[in-house]
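Per TrEMBL, compositional bias 'Basic and acidic residues' is recorded for 488-499. The feature domain 'Major facilitator superfamily (MFS) profile' is assigned by TrEMBL to 15-456. Annotation source TrEMBL lists region 'Disordered' at 473-499. Summarising the annotation, TrEMBL assigns transmembrane segment to 12-35, 55-72, 84-103, 109-129, 141-158, 164-186, 266-289, 301-324, 331-353, 365-389, 401-425, 431-452.
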Amino acid sequence: MGKSWITPFKKQCFVTLGVSLNLSSHGLTMGFAAIALPQLRQPDSIIPIDDVTGSWISAILGFALIFGNFIIPTVMAKNGRRKANILSIITMLVGWFCVILATDIKVFLVGRFLKGTGMGMTASLGPVLIGEYTSPKNRGAFLTTISLSIAVGVLFAHTLGAFFYWQTAALVIAFVMFLDLLIVLYSPETPAWLSDQGRYEESRKVFRWLRGDGEEEELKRMIETSMIVREAKTEVVIEERFSKRLKSNIAFFNTTIRKREFYKPIFIMIHMYTLSQWAGANILAAYTLDVFTLVIGTDVNIYLMVITLGAQRIISNGIAVWVIKKVKRRTMLFATVGLNIFAFLAIAAYSYLKVHNMLPYDHPFIGILLIHIHMVTIATGTVPLPFIIAGELFPLDYRSLAGSISVFFLSGNFFIILKTVPFLFKNMGIHGAYVIYAAIVAYCLVIEYFFLPETKDRTLQEIEDEFRGRPLSPEELKSTQSLTAQKHNQDRRCSSPVI
């Protein structure tokens, strides 16, 4: 590792690979539902299911996401980001083996719940790990690899389903997760967490190993801030011998929830996550066959269409990695989400006219093209941008609590949309469902227009200072951190952002 040809950029690529492979489990888990459900509906299936059971197989991940997001904060804060990442991978592995060995629906759902729990852990953990590992100039591109990894996971699962039975596909996926575990075991802890623990020499060593010697100013500011925070924590420990926990709880929330740098990012990310969930990514991952059948019909090779769509998603994600380094976040968001709304409405209009035999001319290519346009908007905008912005937007001091509150709304939307897809498609048709989705996405986009700041090429501290309206002086920082430290000491702080 000490050879000169292993540049800081390559080291950042290595540690990001461990995070991204873990996050690919989102795509693998979602894509697996699309291949398993049709096979489980077959008369000779070892686990027979109906439509209601099938919707639970997809939607139970939403509950599990909340659970994973709830349990990961303490691990992140006390044991470090790296150990939290290892725990999420092990949880995911146990879930996959439950699915592999399942002979009834209960064990199958337990496996899905464990996989969803692992997803909830990485949704909070992934953007923070990448944000703390990587340089500001490359952070946007590295964060975009999250959505690229999810896209690869979806395609990989769909491709396995075209050739193998669901149990064999699950075994192959479990092997991939084991390889990821090996990579994470050889990755270091993040410099930010080491600094927060007072392990300044280790923090400097890892920071310079990851970043080289060209970002000393950021290292200096990070350690100086950590020293002030730790001093405040020490004072709070002495004070708490003479005060009650209830009083400190009230003080923490009364001061924190009134701060613009706390509630503004939460408000923005609640709407950003709502937008990302209703923009169609999970629908096209978990109900791919249903969408193609309803829009195009059964006169084409559906499995070929599914694999082609997954490949296009990867290409679009790859393009997004390059574009995101050139284009401002707000510009990219409004362009891609605006096109996403158009795609929803165009598919809705095409499907409505097709159902009512009102099309003057029809060809499967029209429906295929519209679905691919929709996927382009998802792969280049509504999937990568929330992860990128989550890694940049949350304030350094309240990142854990703010991120967890936001991810709670992500999980709720995740569950609602996957549980209601069969009902909406059956009772309103795909055209009615897509009009509802377009309206929700449009509302969220309006909110982002008025509240989302530009974050490209800015440090995390600069973004936090903009929400606050000015930088904090050392005295103010020490004072505010005292209240936050009380929360640390009571083990009530929640996890980091995201995804």
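In case you wondered, yes, glycine gets a Cβ from its N, Cα and C as well.
Sequence-distant contacts of the transmembrane segment (12-35) (same chain, six or more residues past either end, CB-CB distance under 8 Å): 57-58, 61, 85, 88-89, 92, 112, 115-116, 118-119, 122-123, 125-126, 129-130, 133-135, 138, 142, 145-146, 148-158, 160-162, 166, 169-170, 173, 176-177, 179-180, 183-184, 187-188, 210-211, 282, 285-289, 306, 310, 499. Ranking 109-129, 301-324, 401-425 by CB pairs under 8 A with the transmembrane segment (141-158) puts 301-324 at the top. At the 8 Å Cβ threshold, with sequence separation of at least 6, the transmembrane segment (401-425) lacks contact with the transmembrane segment (164-186), having fewer than 3 such pairs. Here the transmembrane segment (331-353) touches the transmembrane segment (266-289). Their Cβ atoms form 3 or more pairs under 8 Å, with each pair 6 or more residues apart. At the 8 Å Cβ cutoff, the transmembrane segment (109-129) and the transmembrane segment (84-103) share at least 3 close pairs (sequence separation 6 or more) and count as touching. Counting C-beta pairs under 8 angstroms (sequence separation of 6 or more), the transmembrane segment (431-452) fails to reach the transmembrane segment (55-72), with fewer than 3 such pairs. Among residues of the same chain six or more beyond the transmembrane segment (266-289), those with a C-beta under 8 A of the stretch's C-beta atoms are 27, 30-31, 33-34, 38, 58, 154, 158, 302, 306, 309, 337, 340, 344, 371, 374-375, 377-378, 382-383, 385-386, 389-390, 393-394, 402-403, 405-407, 409-410, 413-414, 417-418, 421-422, 425, 437, 440-441, 444-445, 447-448, 451-452, 497-498. Long-range contacts of the transmembrane segment (84-103) within the same chain: residues 18-19, 22, 25, 46-47, 68, 72, 75-76, 110-119, 121-122, 125, 129, 167, 170-171, 173-174, 177-178, 180-181, 184-185, 187, each at least 6 residues beyond the stretch ends and with a Cβ under 8 Å from a Cβ of the stretch. Same-chain residues lying 6 or more positions outside the transmembrane segment (55-72) and placing a CB less than 8 Å from one of its CB atoms are 29-30, 33, 36-37, 40, 49, 84, 87-88, 91, 108-109, 112-125, 286-287, 404, 407-408, 410-412, 414-416, 418-419, 421-422, 494-495.
Residues 126-127, 140, 143-144, 146-148, 150-151, 268-269, 272-273, 275-276, 279-281, 284, 291-292, 295-296, 300, 305, 309, 312-314, 316-317, 319-320, 323-324, 329, 332-333, 335-337, 339-340, 343-344, 346-347, 350, 354, 441, 452, 455, 498-499 of the same chain lie 6 or more positions beyond the ends of the transmembrane segment (365-389) yet place their CB under 8 Å from a CB of it.
In the predicted model, the domain 'Major facilitator superfamily (MFS) profile' (15-456) shows an average pLDDT of 83.
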